[in-house]
Amino acid sequence: MRRSPALLGGAVILALLAVVAVASFAGLLPYDPIAQHPPSRFAAPSGAHLFGTDQFGRDVFSRVASGVGNSALIALVAVAFATAAGTLGGLVSGFYRGVADGAIGGVTNVLFAFPPLLLALSLASVLDRNWFTIAVAIAIVYVPIFVRVTRGPVLSLREIEYVRAAVSTGMSRWQIMFRHVLPNITSIIVIQIALSLSWAVLTEASLSFLGLGTPPPAPSLGSMIYEARSLVFVAPWTLIAPGAVVVLLVVGLNLLGDGLRDTLDPRNRGRR
Amino acid sequence: MRLRNRILTTVGTLFGVAVLVFVMLRAIPGDQITAGLGTEAAALTPAQRQALEQYYGLDQSLFTQFFSWLGNMLTGNFGYSARQQQSVLDLTLHSLPVTIELAVLSIVLALLIGVPLGMLAASRTNSARDALGQVVSLAGLSVPAFLLATTLLSVFAASFGFNPNGQGFATLADDPLLNLRQMLLPALVLGFGIAAPILRTTRTAVLEVRSEDFVRTARAKGVPERRLQVRHVLGNALVPIVTMTGLQFGYLLGGAVVVEQIFSVPGIGRQVLLGIQQKEYAVVQSTVLVIALAFVLVNLLTDALYRVIDPRVRAS
């Protein structure tokens, strides 16, 4: 694998944020992210409170760390579900063609007819909201992307000699799909996973900004930014900290996606 | 023949969209009446509840409900918003043009940012200007619209006293100057977001076209550099740029929900959000369907435009 500065940069940023996220799940944060402490409200960043405190005296660093953990969890679950369902759909659609292809294509077209954020928003608004249903709402939006990304290559792989040879040996279609077709499209899927993770993080943050994400008091980067709107001039750190971290998280994922595309996509080899 | 297939697929897709929107709103925990009235729903007498169910058509089968809603939509009856005391069709006729204006302005700004920067980046790869292009596009892809909007709104209002969105909204017909001032920041936020993919596409397309034989020939014939870049290179790179721009409409219509909300722009995105917040499901249902319809039509239009500008597609 060639070295890619983007890949390296993305990996370093994500590793740092992963440490913070894991610390939040392991209960290793300096303060309880939802515990209120009115006497120390609006404390500026200091040794005691790295990113200061908010209007309820809650530690912003702990809240941001916990928000990163929650965002990452939702994005990972959403993309895992979208990858599994979308890849399976794309494989079946491209390999079986016919009725299956028509049906899956129809569903894909319908889901693609919605602007992504609007679909996530509508789904989140009707579901009983918790982190899991938000992940499902986001997953549904990204399933069709995985279907489209895998279907094309599967269609062409299907006609390749070794796949046809496998057909002639009497292997079952499912065996061929998973043993001979899927391994050949993994790089495409891996790139799509990285890019979808960055969109999923943005979607989750937008939903919670609009009040349709994980319900309070669970900290979420989007809702922290929403609450900080009116506090910008009193306590700018309440906006800057979650804002910078959400951008850092998405930059990390985008760099990872770009880096993976540069290294894994055969069309990019030999360029530059 | 291809056009007929395309139209048939579109009609099928729109029918599927209608089914999904309908089913989605029936998936609300409890029913529309309970969800809409909240705790007050408990105070309804059985007779009142029955009357409401009859009013909303909830006493009929799902099948009947769906087709009567679809039939109503087709004849222009989009439902009624009790909170706004207006029909959803009227609301939409006011909000849709606002969003269309916002979308057009955003695209213009995105093209003004993305295309020149993309050409600049491609003019010398792996140089400082190429790095600039990459930084701008990475920022555009990574800074959430709501964060940029919130920051711009605060900074402009506090530092420059520029807050036209603090006044009541003026339509383009009411007061064009105020309208454009009010649209400036929202369009900039949305435009910045879609400038990124446009920049990247322009860079790749220009690099690809530049290595073609006809560009070398034109240069050998002595075509001036500026004309060469605009007419020969950009002209041929236009197809992927237009396609990418068309694809961004989904982002625009989704982003409009967030940006319209922050800047108090009374567009269709805000109408959906308001419907969701006020639990007016008739409004949400019809408005989401209208947005999906607009999105599908834009995609069809992009496809048609693509045929007009690409000589190869035109010839075939």
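Cβ from N, Cα, C; glycine included.
Residues or ranges marked as transmembrane segment by TrEMBL: B:7-28 (among others). Long-range neighbours of the transmembrane segment (B:7-28) within the same chain, counting only residues 6 or more positions beyond its ends whose Cβ lies under 8 Å from a Cβ of the stretch, are 35, 62, 65-66, 69-70, 73, 281, 284-285, 288-289, 292-293, 296, 300.
Residues 129-130, 132-134, 136, 183, 186-188, 190-204, 206-207, 210, 229, 233-234, 241, 245, 248-249, 252-253, 256, 259-260, 265, 267 of the same chain sit 6 or more residues outside the transmembrane segment (B:102-123) yet have a Cβ under 8 Å from a Cβ within it. Per TrEMBL, the feature transmembrane segment maps to B:102-123 (among others).
Distant neighbours of the transmembrane segment (B:135-160): 113, 117, 166, 185-186, 188-190, 192-197, 199-200, 255, 258-259, 262-263; these residues of the same chain sit at least 6 beyond its ends, with a Cβ under 8 Å from one of its Cβ atoms. Under the heading transmembrane segment, TrEMBL lists B:135-160 (among others).
The transmembrane segment feature in TrEMBL is assigned to B:180-199 (among others). Residues 101-103, 105-115, 117-118, 121, 133, 136-141, 143, 145, 148-149, 152-153, 156, 164-165, 167, 169-170, 172, 241, 244-245, 247-248, 251-252, 255-256, 259-260, 262-263, 265 of the same chain lie 6 or more positions beyond the ends of the transmembrane segment (B:180-199) yet place their CB under 8 Å from a CB of it.
According to TrEMBL, the feature transmembrane segment maps to B:237-263 (among others). Same-chain neighbours of the transmembrane segment (B:237-263): 98-99, 102-103, 106-107, 110-111, 115, 145-146, 149-150, 153, 165, 182, 185-186, 189-190, 193-194, 197-198, 201-202, 204-206, 208-209, 269-270, 272-273, 291, 294-295, 298-299, 301-303, 305-306, 309-310, counting only residues six or more beyond its ends whose CB sits under 8 Å from a CB of the stretch.
The transmembrane segment annotation in TrEMBL covers B:283-306 (among others).
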Please give the sequence-distant neighbours of the transmembrane segment (B:283-306): residues at least 6 beyond its ends with Cβ less than 8 Å from one of its Cβ atoms.
6, 10, 13-14, 17-18, 21-22, 25, 69, 73, 78-79, 81, 88, 91-92, 96, 239, 242-243, 245-247, 249-250, 253, 268-269, 271-272, 274-276, 313
